[in-house]
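Record features, source TrEMBL:
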type     : residues : note
DOMAIN   : 25-509   : domain 'Major facilitator superfamily (MFS) profile'
TRANSMEM : 20-46    : transmembrane segment
TRANSMEM : 66-89    : transmembrane segment
TRANSMEM : 101-120  : transmembrane segment
TRANSMEM : 126-144  : transmembrane segment
TRANSMEM : 165-191  : transmembrane segment
TRANSMEM : 214-233  : transmembrane segment
TRANSMEM : 350-368  : transmembrane segment
TRANSMEM : 374-393  : transmembrane segment
TRANSMEM : 405-424  : transmembrane segment
TRANSMEM : 444-465  : transmembrane segment
TRANSMEM : 486-504  : transmembrane segment
Amino acid sequence: MVKGQQLEVLKALDVAKTQWYHFTAIIIAGMGFFTDAYDLFCISLLTKLLGRIYYDVPGSSKPGALPINVAAAVSGVALCGTLAGQLFFGWLGDKMGRKKVYGITLVMMVAMSIASGLSFGNTAKSVMTTLCFFRFWLGFGVGGDYPLSATIMSEYANKKTRGSFIAAVFAMQGMGILAGGVVSLIVSSAFEAKFKPPPFKVNAVASLPPECDYIWRIVLMFGAFPAATTYYWRMQMPETARYTALVAKNAKQAAADMSKVLKTEIEAEEEMVDKIGKTEQNQFGLFTKEFARQYGVRLLGTTSTWFLLDIAFYSQNLFQKDLFTSVGWIPPAAEMNAIREVYMVARAQTLIALCGTVPGYWFTVAFIDVIGRWWIQMMGFFFMTVFMFAIAFPYNYWSKKENRIGFIIMYGLTFFFANFGPNATTFVVPAEVFPARLRSTCHGISAATGKAGAIVGAFGFVYASQDPNPAKRDHGYPAGIGKSKSLIVLGVINFIGMLCTLMVPESMGKSLEELAGEVEVDDVEEERKESA
């Protein structure tokens, strides 16, 4: 197989010093991820409130709760949309270009965030149906942001700090989760101060003021704001040089765009672009034996690890409120009014985000170009397994009042090592190890496989975690294996993730063309010596 030399414009990007345009790209792409996380995870703060409002049973000794099928749908339907969006927009990003598709996803996220909060109808069924409909399409837009943000950042970055830059974009997911908790705290505090409802056990009717219906709508619609603020800047970004030169075959435009970005003159090597486009390795497609031979194992590695990680990660995130209730960190529902319950759930999630989730992301940013992607991912899966088992086996011990602080610490550590681990690296690596013409598609496939795992977690965990004892589960919910055994299953899944990491290549310190096998290693070494 004939392998080409690296273009001058791509060399310039690989060796460029960290400049303002790098940080601009991180902010623009990162705000998309901030919105993604806010939209996907804020629903977990609101499901108990939705149950009280729309499924209240007059005369019952317990507040209303979403039926299990409705709870699973409300929590998981956005993930179904995300999966579809990752596949579609990932493919479209390689066909139309990263920039053209990037604006479409943002507009969809803004519109569907607002529409989710405006979900209409006079019955519980109509409100939940329209909410699920809009959240599916919200997820569809969110899904497009995954492959496009990762690909754009990887193609803009230099070799030395590429991992940190991509991880910094993804770290905004932690800030989005944190923002969801903070917004919910502010809104619920304001409403409780205004209406001062009594606890459910004191006065069931008064514990649920009619104005509560505004709380969940405000929280959902706030997700449109951060996305809308970055639309103009997203549209001002030039197309990445790797797409323009290697896929669109427009060397002149790629050189002109990057000359402006890097503030230096770059030669347009049109003859070399034509030569590279005609080489054998730039001809085969995704569904070919040649792709399977050259990239099959790494695609299996990126998809399997993301799938396994998301089963555990989304199970933890979407249903942590139920775990907090089961260990008594959140009071029983009957002892709170509807607004106070939102506040307590948001407070718990915000604390976990502050102490475990957010620091884990930024540890990855700091160390991914020092330790490497492979070791961080392996370490993360290992410690997630350890801490999950440490919570699961002595679960009765942790549920005692005097041990609850220990439980929160251990549970927070599982989030820390998810994010200083595979939750970040599974996002970074697929943006680096595939060729430019298939990079967005392969990242979309990897991410969509991850969302398939998230759907398994969202729909499976809500059923599996139900207590066998009818007195310890909500009315109408079938018996499951319980939270302790469910956590053991998640621990086993994390262990399998360690084994699948063996198929993932280390990409630290190499150019994207070198990782994709599109340039000779000898040529790359010679170029390094020349630049030195």
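Cβ atoms here come from the backbone N, Cα and C positions, even for glycine.
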Any chance the transmembrane segment (486-504) and the transmembrane segment (214-233) are in contact, meaning at least three CB pairs closer than 8 A with a sequence separation of 6+?
no
Between the transmembrane segment (126-144) and the transmembrane segment (350-368), are there three or more CB pairs that fall under 8 A, provided the residues in each pair are separated by 6 or more in sequence?
no
Among the recorded stretches 101-120, 126-144, 214-233, 405-424, 444-465, which has the greatest number of Cβ pairs closer than 8 Å to the transmembrane segment (20-46)?
214-233
Given 126-144, 214-233, 374-393, 405-424, 444-465, the one sharing the most C-beta pairs under 8 Å with the transmembrane segment (165-191) is 214-233
Can you find at least 3 Cβ pairs under 8 Å between the transmembrane segment (66-89) and the transmembrane segment (374-393), where each pair is 6 or more residues apart in sequence?
no
Candidate ranges 101-120, 374-393, 405-424 - greatest C-beta contact count to the transmembrane segment (214-233) (under 8 angstroms):
101-120
Distant-in-sequence neighbours of the transmembrane segment (101-120), which means Cβ under 8 A and at least six residues beyond its ends
32, 35-36, 39, 85, 89, 92-93, 126-127, 130-131, 134-135, 137-138, 140-145, 148, 152, 216-224, 227-228, 230-231, 234-235, 237
Arithmetic mean of per-residue pLDDT over the domain 'Major facilitator superfamily (MFS) profile' (25-509):
87
